[in-house]
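Colleague: Please read through the structure below; I'll follow up with questions.
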Amino acid sequence: MTKPTPNEIGKGYDAFADLLDQLWGENLHHGYWDDESATLEEATTRLTDRLAGMLPLRAGDRLLDIGCGNGEPAIRMATANDVMVTGISISEKQVERANDRAYKADVDDRVVFEYADAMELPYPDASFDVVWALESLHHMPDRWHVIRQAARVLRPGGRLALGDFLLVPSPAGLEADAERVREVGKGVVAVVSLDEYQAHLREAGLEPESAEDVSQYTRPSWTKAAERFEGLREQALQHIEAAQFEVTLGRFRAFSEEPSLGYVLLTARKPD
């Protein structure tokens, strides 16, 4: 299945912005459940905090958020760590909403959101202390190219922080696992093993640092999303055909039962 172009992805997010907000809440990414009673909104915030906690953020650091969504993670980090954040998205509606959110949070003096394509970052070399990509790289036509772009705009000593889907090996072997995930996801989610991921980081000139497999804590996201999506059937059918609704709902449920579809939090450092 051919991956959608960045322009198609951006238009898709524009078209379904309201529905996505109802589905995921403030954060358009998975949640982290170390407490089974946590709501989806609480769990997604915990995942943001979990990845941010893997970084030595300092006041005044410049951070680039690739795939900023509605801007909540960027605003949260700016508020908690006094960093300067530039967030980018290929969804004009997300950029508009994120800037409005930053204004209302009174952080628009240090948080700005721009329309930009991560495949061709419009920033000079060595211009950021941190590049952050929380669950956005799987949308990219070539995630390894984006990582090379991230390495380019990082300053020496800067760090890349990622949250991404991971291929968790089973006795069937990686090739069989990858094929099964591809079949379930129909090209929506492409995954590789941790070893392959870290090899690509090294090829981009980055030194892998921390890697935390959080699959068991993020897996409930699929079940929660399926439950909430089912409850949004009436609203969803205003945007998509009934057949597509059932395909999407079925995919959420299939992902929740697929043991080889995992989730990893990674950091890597650009050498001095």
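Glycine is treated like the rest: Cβ placed from N, Cα and C.
The following feature annotations were taken from Swiss-Prot:
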- Ser89, Gln94, Asp117, Ala118, Leu134, His139: S-adenosyl-L-methionine binding site (BINDING)
Colleague: Across all the protein chains here, work out how many other Cβ atoms are within 10 Å of the Cβ of Leu134 (S-adenosyl-L-methionine binding site).
Modeller: 26
Colleague: For Leu134 (S-adenosyl-L-methionine binding site), what is the secondary structure by DSSP, using just helix, strand and coil?
Modeller: strand
Colleague: Kindly assign Asp117 (S-adenosyl-L-methionine binding site) to one of the three DSSP-derived states: helix, strand or coil.
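Modeller: The residue in question, Asp117 (S-adenosyl-L-methionine binding site), is coil (DSSP, three-state).
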Colleague: How many neighbouring Cβ atoms, not counting its own, are there within 10 Å of the Cβ of Asp117 (S-adenosyl-L-methionine binding site)?
Modeller: 18
